[in-house]
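Beneath this line is the structure, given in C-alpha cells, with notes to follow.
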C-alpha cells in the first residue's frame, strides 16, 4: 500500500476478526477452530497472538475515536465563548447537530464515497448505508465518522451569528456526505488519485489530516464567510474593524483544553493500531537497514508514541510564540490569541506528526503560529469576518502542515508507520519531489472545496435562505429562533437591579431629607 493509513482500508496485518461461531451458532474461543475452512480468509487471525493483536488494535482505534468525538465538546465550548451571549444557544445547537446530521450523512453516503469496496480514482461507490460492511469494520466506520464531523464543525465558526439555520443544516450534510468523503478517497484510499498519480513509491502524505480534514473545513469556512458577508457592525463606514469580543474567555479556555486533549486521539490514533504484526524471515529483505545495521520495519508502538510527543511540542511552541508576538504588537498578554495560536500549532503538525523529529515539531509549531497571525490580519484587511478565526487556524495552518511534510519527514519513520512511500522531506536528501506532490494535492483540495461549497452557498443566497434578517441578527438568534436567552437569569444584573430598588426605596422614605445625607448613610 502506498501512502494510505493502514487499517483505514483494513490492510492484511490489521484485518479485523469476524464473529467466531460454529455451525450451531455457538461461540468458540480456540483460534484454530474460530475460522473454519468455509469462513477462513488470508486476513483472519490464525494464532492466539494474532487474535490478541487484533483485539488490542481494535480497542486502540475505538478509544481514539472516542477522544476525537470528545473534540465536539471542545468545539462547542470554544464557539460558545467566542460569540456574544445573544447567539450562545444558536451555536451550541449547531455544533450538536454536526454530530447528528454528520452521522446520518456518513451512514448513507459519506463512508461509501470515501472507503466503498467499489471505487475508482475519483470516488468510492460501495457500502452505502453500511450495506455489505463487515461488523469487524464498524470501529473503523466510527473512527472515520468522528473525523468527518470535525471537518463540518470547523465551518460553523466562520459563519457564526448571522447564518440561517437551514443553510447550516444543508451545508453540514453536504460537506459530510460528499465534499469531505471525496477528498478522503483521494488521499486515504489505495486507489485514490493522490495515491496513484505520482509514480511507484510516491504519494501524497497526510498522516492525520492537516489537508484532508482541516484544509477542507477551513477553506469551506472561508468561502462561507465571504459569501454570507460580515456581521452587522463588524466594520464601520470607513472600513475599520469594530471589536466584537466573545462573551466568555472561560468557555474559550475550557474548549481549547478539551480540543488539545482530543488531539491525542486525532493524531496518535491515526496510527490505526498499537501493535505491529510479526514479520516473517522471508519478508526481512523488503525493509532497509541503517548504517548501524539496525533493521527498519513497521513499529506502530514507536509511531504513536512519536505522534504524542510531536503533537504536544507543536501546540505548546505555537502558543508561546503567539503570546510573545502579540505582547510585542499590542502590549498585552492576550489569552484568546494564545489559545488560537496553540490550536494553529496542533493543526500544523497533524499531517506529519508520526514522521518527524521532536525539534521539527517545535519549528512547525512556531511557523504555524506566524501563519495564523498573518492570515488573521489579512482577513481583517480584506474585510472578511471570521468570528472564530477558523480559516487562519484550520485553512492556512492546515496548508502549512501539508507543505511541512515535504520538508521535515524522515523515510525510516514512514516505514515504521507502515507506509511504503519512499520520499522523505528535502532536509533529508530526497530533493523537492515530495514537496511538489504536497503542493499539487493541496491545490486540488482547495479547488474542489471552494468550488463546491461556493456553489452551495451561492444557491442558498440566491434563494434568500443563506442569512437571517437584520432584525433577527440585532435581536440575536437565541431569542428569535430558540425560545429565549441561554442566560435567562444574569446574577450580577439582577443584583444591581435589586440594589437600585433598595436605594430608591431608601430615598423615598426620607421625605425631603437632603440626598447627600441619605447617600452618606448608604455608604456607611
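Quick reminder: no glycine exception, Cβ is built from N, Cα and C everywhere.
Annotated range for transmembrane segment in TrEMBL, selecting from 116-137, 270-291, 358-379: 358-379. Of the given residue ranges 28-50, 166-188, 465-487, TrEMBL assigns the label transmembrane segment to 166-188. Beyond the transmembrane segment (307-326), the same-chain residues lying 6 or more positions past its ends with a Cβ under 8 Å from any Cβ of the stretch are 207-208, 260, 263-264, 267-268, 270-271, 332-334, 337-346, 348-350, 352-354, 356, 358, 360-366, 368-370, 372-373. Here the transmembrane segment (435-460) sits apart from the transmembrane segment (59-83); fewer than 3 CB pairs are under 8 Å, leaving out pairs fewer than 6 apart in sequence.
Highest Cβ pair count under 8 Å relative to the transmembrane segment (208-228), across stretches 141-159, 333-352, 358-379, 391-409: 391-409. Away from its own ends, the transmembrane segment (249-266) comes close to residues 63-71, 73-82, 147, 150, 208-209, 308, 311, 315, 335-336, 339, 342-343, 346, 350 of its chain (Cβ-Cβ under 8 Å, at least six residues beyond either end). Through the fold, the transmembrane segment (95-114) approaches residues 69, 72, 75-76, 79, 123-130, 133, 141, 144-145, 148-149, 152-153, 156, 168-169, 172-174, 176-178, 180-182, 184-185, 188-189 of its own chain, all at least 6 residues removed from its boundaries and within a Cβ separation under 8 Å. Non-local neighbours of the transmembrane segment (391-409) in the same chain are 154, 158, 205-206, 210-211, 213-215, 217-219, 221-222, 225, 340, 343-345, 347-352, 355-357, 360, 363-364, 367-368, 371-376, 379, 384, 424-428, 432, 434-439, 441-442, 446; each lies 6+ residues outside the stretch with a CB under 8 Å from one of its CB atoms. Only residues 6 or more beyond the boundaries of the transmembrane segment (358-379), in the same chain, are considered here, and those with a CB under 8 A from a CB of the stretch are 309-311, 313-319, 321-322, 325-326, 337, 340-341, 344-345, 347-349, 352, 385-386, 389, 391-393, 395-397, 400-401, 404, 408.
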